[in-house]
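The following features are taken from TrEMBL:
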TRANSMEM  B:20-38  transmembrane segment
TRANSMEM  B:66-91  transmembrane segment
TRANSMEM  B:120-144  transmembrane segment
TRANSMEM  B:168-193  transmembrane segment
TRANSMEM  B:200-225  transmembrane segment
TRANSMEM  B:245-269  transmembrane segment
Amino acid sequence: MIKADSLSKSYGNVRALHKVSFNIAKGEISGILGPNGAGKTTLFKILTGLITPDSGSFSITSDKQKKIGAIIENPALYEYLSAHKNLQVLAKMQGLKLSKDQVNEQLTLVGLPTNRHDPVRNFSLGMKQRLGIATALLNNPDALILDEPFLGLDPLGMQKLRELIIRLAKERNLSVLVSSHQLEELSKVCQNLYLMQNGEITSSGSTQEILSKAAFQYRILGINLSQSETLKTLKATITSNTAWVTVARNDVSALIQQLVNEGVEILEVQPETNLNELYAQV
Amino acid sequence: MIAILQTELVKLFSQKRTYYGLAAILVIELLIMIGAWAQGTEILDVLLENLTDNFIMSGSLLNGHLVLYIVLNSLWFNLPLIVMIIVSGLLTSEYKDKTIQTVLLQSVNKRNFILAKYGVALVFTLLVVALLFTTASLSAYSFFGTGDLITYLNGLNFFESGEAFNRIVWAFLLGTLLMICYSFLSITLAVFFKDQTVTWIICAFVLIINGLLVKMDLGFMNYWFYSKVTDTWQYFFYFEVPWPYVWHNGGLLIFYALLIATVGVWRFVKKDVG
């Protein structure tokens, strides 16, 4: 369990973090959503002991030697060493002796090939993210912090990383805290979300609650959309097979039913978020 | 602590820059040898024209001892610069690549981590000086043989071959202490400045300032100031070795090395990494 109580940090006159509090239970994945400069990285650096808060406190319930594993900003690895060597070096530094099989096990856990012995500078960003998670998981911590893990990943890379995070939280009963400025990605992995702006948590709740505040319009992919009178009445923007319409969350089911009744063949309905409006709303 | 030191050595010898630095030392050494071979005899003949008419010199004056003496003179400026660049890179590269965060996100003690950096700096410095001494003496004695050594410090000094070798070994030992000081200083500078280029510039600046201060009369500070003890290795090429000064300055160099490392460790442990 990760518990933060009123954490604050300033750099000179700049307030980076102001009275931030939250709880993350074991096995729970929570997300921190906020624009660049919101204070997410500062918060993570405090939780991992890299910097000290000006006031407030935090605790991580764990009896392990290493309580928390983390990737802050980017997965920083020894680019001139292989993935195996990176894990061995970082393990040895904390007194762990990993056998070759244990290193392979760790690599397999995060979905990396065990037969790559070239320097990690040749790895893709997605592979580096996975290796970063493998280094964070060394010494079996009870909590995991991932700062912007989806940044720069392609859709397939994002999907694999999502699956990995969910699997780790479930199998290892980890408390996981993930930050991003992409609501869509966070909503796919997190049970709870915290909105952060200007160093403060401005809103929090279950992912569904936050999503309901954020979904201002829906993108409908289908056939015969231009024939729909309902969409015209709602002043939807319609292209050949896509329509964007603004309706209340509770009215989405009725809308879909009406469109089906009008002979529209619906292929996909996707909520689209406008983070600026979400931040403004909270 | 030992485990961290071992991993630091693995990191040091897995980086290309380490080998470029070692290669640079060997290239400088080679250039000195070529210079001595090409012009050494001619210059010595001009300098000693009158003396050789009145004294009998044992063997050629352009010999391995003299070449080693020239190597010592030339490399006590170039060598620290190379050592400081490589050693400071042990820490600045961690800041640049942010691997220092990755390390400190593990259960690694900050104090042990930085102490290991000083440890590996010590090991590397000893290795570099040993490499320099071994390669320089092997090549110098192989190509130029042995003979009496002539130096010009407060006048001309002549040393018989056997004594010359002893004095060169002593000079290398004292020089090693100086190198350790510079090496530790480069880590401490890296702790303060973090940036690779800035640290390198400050290292070069320190060496240049040192070169200027060593020639200035600083009054009573001559006895205590760091810059004034950096040329102690040269005392071994005076006719009479001023042993009290040698011991004093040697002790002072050890004191400075420990002081510099203590300041670096204190600062690193105290300051946030992020």
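A Cβ is built for glycine as well, from the same backbone N, Cα and C atoms used for every other residue.
The list of residues near the transmembrane segment (B:168-193) in space but at least 6 beyond its ends in sequence, with Cβ under 8 angstroms from a Cβ of it, reads 65, 68-69, 72, 76, 79-80, 83-85, 87-88, 90-92, 95, 114, 117-118, 121-122, 124-126, 128-129, 133, 137, 149, 199, 202-203, 206-207, 226, 230, 232-237, 241, 246, 249-250, 253-254, 256-257, 260-261, 263-264, 267-268. The largest share of C-beta pairs under 8 angstroms with the transmembrane segment (B:66-91) comes from B:120-144, of the ranges B:20-38, B:120-144, B:245-269. If you count C-beta pairs under 8 angstroms between the transmembrane segment (B:20-38) and each of B:120-144, B:200-225, B:245-269, the highest count goes to B:120-144.
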